[in-house]
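Have a look at the structure below, then the notes.
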Amino acid sequence: MSLIKIDQKAYEYNLRHIAKKIGSFQRLICVFKDNAYGHGAKLLAPLAKNLGVSFVAVKSEEEAQEIEEFFENILILSHRPHGNENSRFIYALNDISQAKKYKQDIKIHLKIDTGMHRNGICVENLEHAIDLIQSSDLKLTGMFTHFASADEMDGSFFVQKENFQKAKKIVKKYFSNLLFHSHNSAALFRGKIPEDEYCRVGLVQFGYGDSNLKRVLSLYAHRLSQRILQKGQSIGYGGIFTAAKDMEVATYDLGYADGLFRYNGKGELVLGNGKVMLGKMSMDSFSCENSGEEICVFKDADIWADFFHTINYEILVKLNPNIQRVLV
């Protein structure tokens, strides 16, 4: 069966490197949404906890429940209020019109729209939002924003930072001891993080976004069959690849049903061991030169992202959660 190997030492190295950058593990919010970006949330949770991480963020209540035994604080980022929220968790308030729909006395972090215009409350509407939060009997314990262009060299990043500083000044008039967080993975290595803020880290904890970090995930497939492909014979759907000489080929147990982008046989898609995929990828398998019982499909998602003209996030989060993940 196909297999995802998670490098424990690389993950721990990355978290230590990040914690050193921001000052401590206590100021770190590890984002574990979407199965920890495809890496396996439940597999990584005890590693993060043992290093001193006590705060994580996830997408949904279901994700929070999966790892609640490991962390003191779990922020749910994409929640639609239903009135029966769990007091064990913290909920993002993304739209002030939804405030009355939350269960009373539930802990919330208020999302501020500082310029991304996706979720959150505009700074000019913040005082009105505070009134609604107080009248709804919600427990405001934090406030945050998300930078839209922290990885791009334009001025919008600094405009958003300034807008968040304005929001902090306003909310501090009404509340004390709030937890603030604005810097994401892209912003982490772009400048100093304000001393009164935590830092949310997503993909950087898995080795992307800074050259000093180490890749954590590698994807492997196992051989289903092998044969001699004779000169002039083709392999796979449509016969896209034809052997120019006799060659030993093998078929491996990984395909687009496992969350991989479908290779259509055009161009050279280089695998983790340097071999290239031969012919079109099938639903549950692909072929290449025989590389033994096990083959590394990729250990750097950037290579596949570049080939398919997408981003490394998409390569990783699409990996089927049913693929076994193991620590190595």
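Keep in mind that glycine also has a Cβ here, set from the backbone N, Cα and C atoms.
Within the same chain, residues at least six positions away from Lys33 (active site, proton acceptor) with a Cβ under 8 Å of its Cβ are Ala57, Val58, Lys59, Glu63, Leu77, Ser78, Gly202. Residues or ranges marked as active site, proton acceptor in Swiss-Prot: Lys33 (among others).
What Swiss-Prot lists as N6-(pyridoxal phosphate)lysine is Lys33, and the listing cites sequence analysis.
Around the Cβ of Met283 (substrate binding site), the number of neighbouring Cβ atoms within 10 Å comes to 9. The feature substrate binding site is assigned by Swiss-Prot to Arg118, Met283.
Residues near Tyr237 (active site, proton acceptor) in space but far in sequence (CB under 8 A, at least 6 apart, same chain), listed by position: Gly279, Lys280, Ser282. Taken from Swiss-Prot, the feature active site, proton acceptor applies to Tyr237 (among others).
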Please work out the number of neighbouring Cβ atoms within 10 Å of the Cβ of Arg118 (substrate binding site), leaving out its own Cβ.
10
